[in-house]
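K.L.:
Take this structure, written in structure tokens, and hold onto it; I'll ask about it next.
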Amino acid sequence: MKIYYNNVCPNCSGRISNERLIKGLPCENDYPYEEGTIEQVYEYLKENNKLKDWANIYNIEKAKKEFEEFFYKAVNNKPWSAQRAWFIRAYKGYSFSIIAPTGMGKTTFALVNALYWGKKGKKVYIIVPTRTLVKQLYEKINVFAERVGFDNIIVAYYGNNKQKKEAKELIKDGAFSILITSNQFLSRNFDLLKNNYFDIIFADDVDSIMKSSKNIDRILYLLGFSETTIEKAMQLIKLKISGKDLEKIRKMEEQLKELVRKEQRGILIAASATGSMRGLRVKLFRELLGFEVGAAKTTIRNIIDVYTEMRDYKKQTLELIKKLGNGGLVFVPTDYGIEKAEEIAQYLKENNIKAEAFYSGKSIELLDKYANKELDVLVGVAHYYGLIVRGIDLPHVVKYAIFVGIPRFRFSAKEKETKIGRILLLASTLSDYADEEFKKKLNTTYNMIKRVSTGALKMVEEAIEQNKELDGFLEELRKNIIYLRDKSFELINREDIIKKLEENPFIALERGDGINILIPDVKTYIQASGRTSRMYPGGITKGLSIILSDNEKLLRALEFKLKLLGIDLHPGSSS
């Protein structure tokens, strides 16, 4: 079945069929043939004076091939798919995170990328955790440089006093193309660095570099941001956290955009093995560079987010799938459960939609069927670590997401929580209604958690579940969390607090068999809906996310929190 889409031709932004989009071609008006490479299409459009946005696709493809050849010459191996994707992001001027375990090619990419851009007159700074790594990278990059014929100056700060003195002179004068130092050098010798502007900064093991919040500011200065701009961004972050004045937030966002627009700025590539970045100033990267260090994905997003009121959710879901076709993901909230996912999948099958419920324990072969379009949709639970949310990487297949109910956290006044994350979320939600001791304990607990590993937190959680004591610091943390859990439980069972919660525009309450507090799960919504959009050589594909809202108050809370992240929810047709 041929479907036509308005405003999505990759060349003229006009009307185009799904068949031509699948083939990677522009519309028939621009290019009348049924096949052709990016280069062939480019030449035809150019010769016939029809070349528009396809020029960007062609230029990116050309640069990618050039980089692949350069990489092969330097390393004697072709770059793998992730390294090619990282290059495309850098070429397009995006700052971004690389979250991957060691041995995945981050450092090799950093060195070859530095040489590639250094040859084109750009200035690159590579920051690593230790001086030993500085030496290793310097030796490695010189091998690569010889292979590709790189003659520009590469400076690395390590070695004996004479070598360090020579390096400092070159750094002070800015007489280099590529600089490699430890993060300790960045902290101790910023006066030498501060007059340099860098087109690209690659921060290897950003977790250790950013332990000093001052290094965040230093990196931003070196990328071309002024102190005024950085402070304005910090004011905006604090205002967003307060969540008190949307209009003031919008105005400050516009002011910040204008400041950033006037300043020359480079890009930051932040590599991390864990993605465990915490702290307020880290959020400066989101406001100034458009991404979060250590986030699951960059904030670059090309998704239309739509909501409509839920009425007959099965019928509405069926009608949407019939209109949108294959490539759909259907999500139900965690409190609806697997049973609801199975129920919806069964209803869709009864109405000639090829659908299956997909969750942990289901055959992985269902993914192959979905990828091969033997299935139209998968139905699962909207849980942040759920299989359908995190375990699907099929950007060429997934086109849209339907949320049958708003993703949320549900807290019951009948039972105490045992999971640390949920205890702290509930405590944070109730902190405005608690005494000073509660607030102080909550703040202390958050600071303590920053100091412990994931494994240690797991030990504390198990001790809470099994009612066991620990030793030392971890026991103090366990006691704090239990205090917060018990006090939170008391608060949500007080009628005066319940009345105040009912007046809160961002918290939904359910009265039935006891009181339930509902809070929107923003992270899961962003992660799940993000399955519908992907980066490709010409840009980012457009996805569609549709929410069937089952709670007006919860919807408004989600809308507000998404707005703070720069994501707008749009009302859809109620038909």
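Think of each number as a place in line: the chain as shown, counted from 1.
Yeah, the Cβs are placed from backbone N, Cα and C, and that goes for glycine too.
A quick note: this is a predicted structure, and the numbers were derived from the prediction, not measured.
The ATP binding site annotation in Swiss-Prot covers Q83, A100, P101, T102, G103, M104, G105, K106, T107 and rests on sequence analysis. What Swiss-Prot records for 87-247 is domain 'Helicase ATP-binding', and it gives sequence analysis as the kind of evidence. Per Swiss-Prot, motif 'DEAD box' is recorded for 204-207. Look at Swiss-Prot and you will find 316-465 tagged as domain 'Helicase C-terminal', backed by sequence analysis.
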K.L.:
Are there any residues at least 6 positions away along the chain from T107 (ATP binding site) with a Cβ closer than 8 Å to its Cβ? List them or say none.
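P.N.:
Long-range Cβ contacts: L137, D204, A271.
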K.L.:
I need the most crowded of these binding-site residues: Q83, G105. Count other C-beta atoms within 10 angstroms of each C-beta and give me the top one.
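P.N.:
In terms of Cβ crowding, the pick is Q83.
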K.L.:
Could you say whether, by DSSP, G105 (ATP binding site) belongs to a helix, a strand or a coil region?
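P.N.:
DSSP call for G105 (ATP binding site): coil, neither helix nor strand.
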